[in-house]
């Protein structure tokens, strides 16, 4: 593309990190609990195994470990970080896990808060954080995606228990006056279809005193209409990415890598086919980790950087999609 002189605040990508628990749950092991098989799961999802957090672990622990490796890659002084945004739907504390990550890191100068948008969460957090940096309010930021959905799965429901795993990923991003590697984005929500994928509250009626009743808090396991979610993803994700390419004056041919939320291999392949992006440009680690919700995109980015697939100045098209229903896309240049 033609070079345009840059005279605004832009975003630079400085580092990545990830963490997955050491407990591995294979398809064969799941098939001992529910009526399924390794072949059935792999043929329909592409997943062979997933990671499950130990009892003593939580989202803040995983997010901290992922963030620390991103900071090390960026070679930052932790005290220079001034913003931490955690994308999660499963905080260890209902009031938020980002402050715990801030504390564990010792990033005492950073504002820290959670953002909840399910499997779109990391992308929405990355977009939000980039806009804070471009507005000139912050200089260095960590964007973390971490989820522990194993705690909210019905392990007797073969439709959902085969899909989800735990993990965390993080990106270290920085404001710069020299260029802007956050090229563009788009975001969408359709609450009318929210019933296709949700994790609803499960409330029990109780009373404080006579005539004053309340609902005690809790949550039901994940509920999903897999067929509707599949149809939603393979239709909406190519549309939003195509619109983003047009808006940013890029073509799919200029994309080095397509990194989608790792929900289902058939979704990844279908989206790539509709955009005419070759399979070799579609990155996937779904087979090893399953759907880690807000962690999938940064986990995949970090893996691809560390195995030298993603290189400096590579163009990455990425899209998150999931509960809400929500979906979005971003176009970035690594570095």
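Glycine is no exception: its Cβ is also placed from the backbone N, Cα and C atoms.
Swiss-Prot annotations:
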type     : residues : note
ACT_SITE : 119      : active site
ACT_SITE : 261      : active site
REGION   : 262-266  : region 'ACP-binding'
ACT_SITE : 291      : active site
- Query: Taking DSSP states H, G and I as helix and E and B as strand, how many residues of the region 'ACP-binding' (262-266) are helix, strand and coil?
  - Reply: 2 helix, 0 strand, 3 coil
- Query: At the Cα level, what's the spacing in Å between residue 291 (active site) and residue 261 (active site), rounded?
  - Reply: 8
- Students should find that the Cβ of residue 291 (active site) has, within 10 Å, a number of other Cβ atoms equal to 24
- Can you tell me the mean pLDDT for the region 'ACP-binding' (262-266)? 95
- Query: How many whole Å apart are the CA atoms of residue 261 (active site) and residue 119 (active site)?
  - Reply: 7
- Message: In the three-state scheme derived from DSSP, which category covers residue 261 (active site)?
- Response: coil
